[in-house]
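> Under the heading active site, proton donor, TrEMBL lists 34. For 27-34, 148-151, 177, 185-188, the entry in TrEMBL reads ATP binding site. Taken from TrEMBL, the feature beta-alanine binding site covers 61. The (R)-pantoate binding site annotation in TrEMBL covers 61, 154.
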Ligand SMILES: Nc1ncnc2c1ncn2[C@@H]1O[C@H](COP(=O)(O)OP(=O)(O)OP(=O)(O)O)[C@@H](O)[C@H]1O
Ligand SMILES: CC(C)(CO)[C@@H](O)C(=O)[O-]
Ligand code: BAL
């Protein structure tokens, strides 16, 4: 069924709530990534609940010289995608409806986490994001709200805001949806020409190179833990086994370089190559960060263990893209 289109806060509030409400916030120009969020929301809301999708290009989160004016606005197509994915209502307010008195004087401050990575490149961006997210949460009053892992720093900040300011709403993160060749789906991909898209593939390719390096390291770490046990077993068996196990231990020790620095180096190699393509990739940042506060762990000692996010941002032509992958350091070895 075509979702009900709601244009005003009054229309939204007049709507009779049906069970558990799940909200997906977007800036429109919907694609399969958004559809996945909406389908997940449908599941979480349940058959008696409802899914509300918001479509609003928020001027507050765009810096001067960014793409606010050219950002794609495709409401008819968005309604169709929202319908197919199972939305009950689409809230698509005008700017005046969200900010009736002009830009708000009182805003949410994203704090130090909002000044790193994306926040360093786009000053004020996360204050604008959190301010509109807070407003949209108050307007839509969901039980649960869903956000994509593709915007990992945004997701972490929304979780933080909801916790720090007691919003009492469940926040659910949804893994990044990609094209078959790896490119993360993004509304801004439609700005890319064919040659630019080829260059843009380097973002995901770099992350995959980092992930592969990480997987190889983790396997070596696990092997290194296993070797003493192998050694003990071998010792009990025969002198020949013992010397084999010792050789194995030596080989693992030699082969286990690494940690965070090696993961970053593997990813950087791909980005460096892409910088020589035509059109070139212009790197903004590549960083390995702690997902709880987005501080860099790239420069910490090689023995880092725990959750991390490998994040990248780059420009191709006039289009700025971001991508990231979650990585876990050390648990494979720890589990053995
Ligand atoms: N490829 C994707 N996979 C999963 N979630 C996504 C993906 N792309 C966007 N989202 C999520 O959809 C929500 C709305 O995002 P938004 O409308 O800004 O789309 P976008 O494709 O990220 O656009 P942009 O190109 O402006 O970054 C956010 O929670 C975002 O993280
Ligand atoms: C969360 C959001 C809808 C706020 O404008 C936006 O930042 C987005 O689409 O990711
Ligand atoms: N998807 C994040 C919104 C923005 O880039 O402004």
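Glycine is treated like the rest: Cβ placed from N, Cα and C.
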> If you skip the near sequence neighbours and keep only those at least six away, which residues in the chain come within under 8 angstroms of residue 27 (ATP binding site), Cβ to Cβ?
55, 56, 57, 58, 71, 187
> 30, 33, 34, 61, 177: which of these recorded positions put a Cβ within less than 6 Å of any ligand 3 atom?
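Only 61 qualify.
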> Ten-angstrom check, please: count other Cβ atoms within 10 Å of the Cβ of residue 154 ((R)-pantoate binding site), all chains counted.
22
> Three-state secondary structure of residue 177 (ATP binding site) from DSSP?
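DSSP assigns residue 177 (ATP binding site) to coil.
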> Of the binding-site residues 61, 149, 154, 177, which one sits closest to the residue listed as 'active site, proton donor' when you measure Cα to Cα?
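Ranked by Cα distance from the residue listed as 'active site, proton donor', first place goes to 177.
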> Can you list which of these binding-site residues (27, 33, 149, 177, 187) have a Cβ closer than 6 Å to ligand 2?
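Among 27, 33, 149, 177, 187, near ligand 2: 27.
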> Could you check the binding-site residues 30, 177 and say which one's CB has the most other CB atoms within 10 Å?
30
> Would you kindly give the Cα-Cα distance separating residue 61 (beta-alanine binding site) and residue 177 (ATP binding site), rounded to the nearest Å?
23
> Through the lens of DSSP with three states only, how would you label residue 27 (ATP binding site)?
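Reduced to three states, the DSSP call for residue 27 (ATP binding site) is coil.
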> Could you state the CA-to-CA distance between residue 61 (beta-alanine binding site) and residue 154 ((R)-pantoate binding site) to the nearest Å?
11
> When a 10 Å sphere is centred on the Cβ of residue 187 (ATP binding site), how many other Cβ atoms does it contain?
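Residue 187 (ATP binding site): 18 neighbouring Cβ atoms within 10 Å.
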